[in-house]
Amino acid sequence: MGSAFAFHWLASAPAGDLVLVDVDADAVQAQLMDLQHLRGLGARPGVRIGSTEALAEADVVVVAASLSAPAGPDRAAMVTRNAGLLAGLLPNLRLVRPDALVVVATNPVDAITTLVVDSGSLRAEQVLGLSLNDTLRFRAALAQHFGVEIGRVEGWNLGQHGGAQVPVYSAVSVDGRPRSVAPADRPPIDSYLADWFRSYQELRPGRSTGWASAAGIGRMIDTWWNRRPAPLPCSRVLGGEYGLKGVALGVPVDLSGDRPAVVELRLTGAEEAGLLRAGEAVGRAVRALRDAVARERGDA
């Protein structure tokens with residue numbers, strides 16, 4: 001994920017130097033040797049290797065540290081796999097400036113985003129998790145249903161990333177015009193969302209979805225940096241919005257102001273209930289992650 005984002009940023013961003021930080025010195029050196037040659041193809045940002053001290057100077061921090069994705073669709077299994085990385089990471093995030101943005105791209109993203117905010121050094125509006133892919137997949141399924149290009153579709157898939165998802169059928173539009181999806185037509189769309197990651201992993205790619213995720217991180221940073229008005233789906237710790245507090249869920253976030261703000265859609269009763277179930281699922285994942293991190297630290 002980190003290397004895919006580094007490539008995407010260097011190949012497409014007009015500015016913004018990258019500092020690569022990794023516990024694997026050989027791996028990050030190899031990435032640097034390759035990425036540096038993009039300057040010869042017109043890349044504008046610079047790139048270098050740094051240490052965690054670079055966090056104190058960064059405008060944006062992307063948390064992409066992760067072990068290789070296991071075979072199978074269960075993102076919950078990543079709790080224990082990535083707990084050791086997280087135990088070492090959390091203390092370093094205290095170096096992050098109060099006006100910087102932190103983008104979490106490590107799974108389970110909602111639980112990690114919650115735990116990063118719970119660590120106490122960063123504000124909720126300062127920490128956003130990558131959950132754009134869930135909405136992109138919903139829009140792709142809707143585009144297939146309506147027989148149009150995906151770029152013409154707007155729709156939101158809220159809730160837990162890859163888990164208790166809440167596709168918001170009540171707020172679907174094509175070319176800016178509201179469109180309805182009859183309940184009888186929803187099962188194929190719901191199946192597409194439920195089965196997508198399993199189908200992907202059954203192909204044994206040996207990696208997570210790096211390309212779309214890398215572009216999604218880039219879109220989040222560009223939207224925040226340039227204060228673009230269009231909201232994006234992000235995992236953000238809620239403070240009462242949607243009737244939930246203290247857990248991060250995928251929701252629309254307005255990045256155009258000084259502080260990223262949650263946009264509250266008008267949901268149906270069934271959609272509200274689904275979002276509450278998603279909050280409960282993330283709460284359980286947070287408790288499991290907190291226990292796993294404590295064991296890694298020797299606190300348990």
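Quick reminder: no glycine exception, Cβ is built from N, Cα and C everywhere.
From a predicted model like this one, the values you see are computed outputs, not experimental measurements.
According to TrEMBL, the protein has these features:
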- 2-129: domain 'Lactate/malate dehydrogenase N-terminal' (DOMAIN)
- Asp22, Asn82: NAD(+) binding site (BINDING)
- 134-271: domain 'Lactate/malate dehydrogenase C-terminal' (DOMAIN)
- His161: active site, proton acceptor (ACT_SITE)
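Within 10 Å of the Cβ of His161 (active site, proton acceptor) there are 28 other Cβ atoms, across all protein chains. His161 (active site, proton acceptor) falls outside any helix or strand according to DSSP and counts as coil. Long-range Cβ contacts of Asp22 (NAD(+) binding site) within its own chain (separation 6+, distance under 8 Å): Gly2, Val28, Ile49, Ala65. Packing around Asn82 (NAD(+) binding site) is summarised by its Cβ count: 22 other Cβ atoms lie within 10 angstroms of its Cβ, all protein chains included. Cα spacing between His161 (active site, proton acceptor) and Asn82 (NAD(+) binding site): 16 Å, rounded to the nearest whole number.
Taking the domain 'Lactate/malate dehydrogenase N-terminal' (2-129) as a whole, pLDDT averages 90 in the prediction. Under DSSP, Asn82 (NAD(+) binding site) is assigned to a helix (H, G or I) in the three-state scheme. For the domain 'Lactate/malate dehydrogenase N-terminal' (2-129), the DSSP counts in helix, strand and coil order read 67 helix, 17 strand, 44 coil. Helix, strand and coil counts under DSSP for the domain 'Lactate/malate dehydrogenase C-terminal' (134-271) come to 61 helix, 32 strand, 45 coil.
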